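Swiss-Prot annotations:
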- 121-201: disulfide bond (DISULFID)
- 146, 150, 156: Zn(2+) binding site (BINDING)
- 147: active site (ACT_SITE)
- 161-185: disulfide bond (DISULFID)
- 163-168: disulfide bond (DISULFID)
- 216, 219, 221, 223, 226, 229: Ca(2+) 1 binding site (BINDING)
- 217-246: disulfide bond (DISULFID)
- 228-241: disulfide bond (DISULFID)
- 230-236: disulfide bond (DISULFID)
- 240-263: disulfide bond (DISULFID)
- 254-260: disulfide bond (DISULFID)
- 280, 281, 283, 294, 295: Ca(2+) 2 binding site (BINDING)
- 303-315: disulfide bond (DISULFID)
- 312: N-linked glycosylation site (CARBOHYD)
- 322-372: disulfide bond (DISULFID)
- 367-409: disulfide bond (DISULFID)
- 403-414: disulfide bond (DISULFID)
């Protein structure tokens, strides 16, 4: 499972924000500023390609009337304000994995940017800020890639770290001879972070219609107007795709996909993905597409010896969730512990409405915070919870989990499995 996760292609769905000073700096021209922002993201994507990460610009915002936070020369304060704005405003209206602020302000000291370490996929911490410190856009792009590197678990390079160039992306200071290369240390740190945190948001491939930047033929991502994208003509190894035009070669039906074989669609009924478990179904090709559409058993079908019900292709049960939070010996706490969810306090609640925590109704207590008993001699507390103010949703009972016979959790309520949920 771990190796499968590490090998999977990762996608960072990025929103890039430019502040009011940037708007003034580029002559109040939205076109000029947008072009600079697109150029920066294209370079960032090139840099991260070597790490098997595609950076897709899914949102671009320019504060052309006034700043939405108080941008100031203290980078620490500005980062905190920007991250808070992202969590409370931007995330509510635009789905994305990471946000970066490009600012025209001059930060105190030698700082050109700042970001939270290992913040990717975390609502409060997947953010960075970068000063537009140089006319040359690729130097600003390297600075932003550096900050995103922090978000992806990479720390500053030490003297012993090497990448085959004079300076690597995660160098502690700006270099006049920067490179697009990550050091051996950065690669190790990124891998260790992926193993430890296994951030899920970066596994989700954006739709081509989600991308707001102009299509770039040769960036390995099929965008609007393209039929395929196998990289540059020099690097493309795909016989189905014309690298110069990002169009399929004559006679080819497809270039990639589980239902594509030697540039042709596989026959209808060909199995393209085996069933993973009892809540999944074997997926079949249609004969009309290269895609292998994921199918699964209907929600509410009993699974794991009637301990759970299928939900969107998985079988969520409380014991598995306790093990994921507290280790292999963990078990679900006694029913009395779940009564804490009646309180509606900072951790014991069923759901949030407009940022207000709603206490559980008595029949719904098993659809709020999860209570576990970690079976270790050191732990005497029978009602252990996982609660972090930075990620309050972690440690809640997962949607679709069995909460009573014939019932499953949906939006903090224990509902009948015969009704849609």
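These residue numbers are counts, starting from 1, taken along the chain as shown.
Here the Cβ of each residue, glycine as well, is placed from N, Cα and C on the backbone.
Quantities reported herein were computed from a predicted structural model and do not represent experimental measurements.
Where Swiss-Prot records a feature, it is marked here on the structure.
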{"residue": "146", "record": "Zn(2+) binding site", "contacts (Cβ under 8 Å, 6+ apart)": "113, 169, 170, 171"}
{"residue": "147", "record": "active site", "contacts (Cβ under 8 Å, 6+ apart)": "100, 113, 114, 115, 128, 129, 130"}
{"residue": "185", "record": "disulfide bond", "contacts (Cβ under 8 Å, 6+ apart)": "154, 155, 157, 158, 160, 161, 170"}
{"residue": "217", "record": "disulfide bond", "contacts (Cβ under 8 Å, 6+ apart)": "226, 229, 243, 244, 245, 246"}
{"residue": "221", "record": "Ca(2+) 1 binding site", "contacts (Cβ under 8 Å, 6+ apart)": "54, 56, 208, 211, 229"}
{"residue": "236", "record": "disulfide bond", "contacts (Cβ under 8 Å, 6+ apart)": "230, 243"}
{"residue": "294", "record": "Ca(2+) 2 binding site", "contacts (Cβ under 8 Å, 6+ apart)": "273, 283, 313"}
{"residue": "372", "record": "disulfide bond", "contacts (Cβ under 8 Å, 6+ apart)": "321, 322, 325, 326, 330, 331, 332, 333, 384, 385, 386"}
{"residue": "409", "record": "disulfide bond", "contacts (Cβ under 8 Å, 6+ apart)": "366, 367, 397, 398, 399, 400, 401, 403, 415"}
Spatial neighbours, same chain, of residue 156 (Zn(2+) binding site) - Cβ under 8 Å, 6+ residues apart: 170, 171, 172
Whole-number Å value for how far residue 216 (Ca(2+) 1 binding site) lies from residue 263 (disulfide bond) (Cα to Cα): 22
Entries of 216, 219, 223, 281, 295 which, being binding-site residues, have CA atoms within 10 angstroms of residue 168 (disulfide bond): none
Shell of the Zn(2+) site beyond 146, 150, 156, same chain only (C-beta within 8 angstroms of their C-beta centre): 115, 147, 149, 154, 155, 169, 170, 172
In sequence order, the recorded positions (150, 163, 219, 280, 281) whose C-alpha falls within 10 A of residue 312 (N-linked glycosylation site): 280
Cα-to-Cα gap, residue 295 (Ca(2+) 2 binding site) vs residue 150 (Zn(2+) binding site), nearest whole Å: 37
DSSP three-state assignment (helix, strand or coil) for residue 367 (disulfide bond): helix
Ca(2+) 2 site, defined by 280, 281, 283, 294, 295: further same-chain residues with Cβ within 8 Å of the Cβ centre: 273, 275, 282, 293, 296, 313
Between residue 216 (Ca(2+) 1 binding site) and residue 303 (disulfide bond), the C-alpha gap once rounded to whole angstrom: 45
Cα proximity to residue 241 (disulfide bond), best match among recorded positions 121, 150, 201, 280, 315: 201
Rounded inter-Cα distance in Å - residue 121 (disulfide bond), residue 223 (Ca(2+) 1 binding site): 23
Integer Cα-Cα distance in angstrom, residue 240 (disulfide bond) to residue 254 (disulfide bond): 7
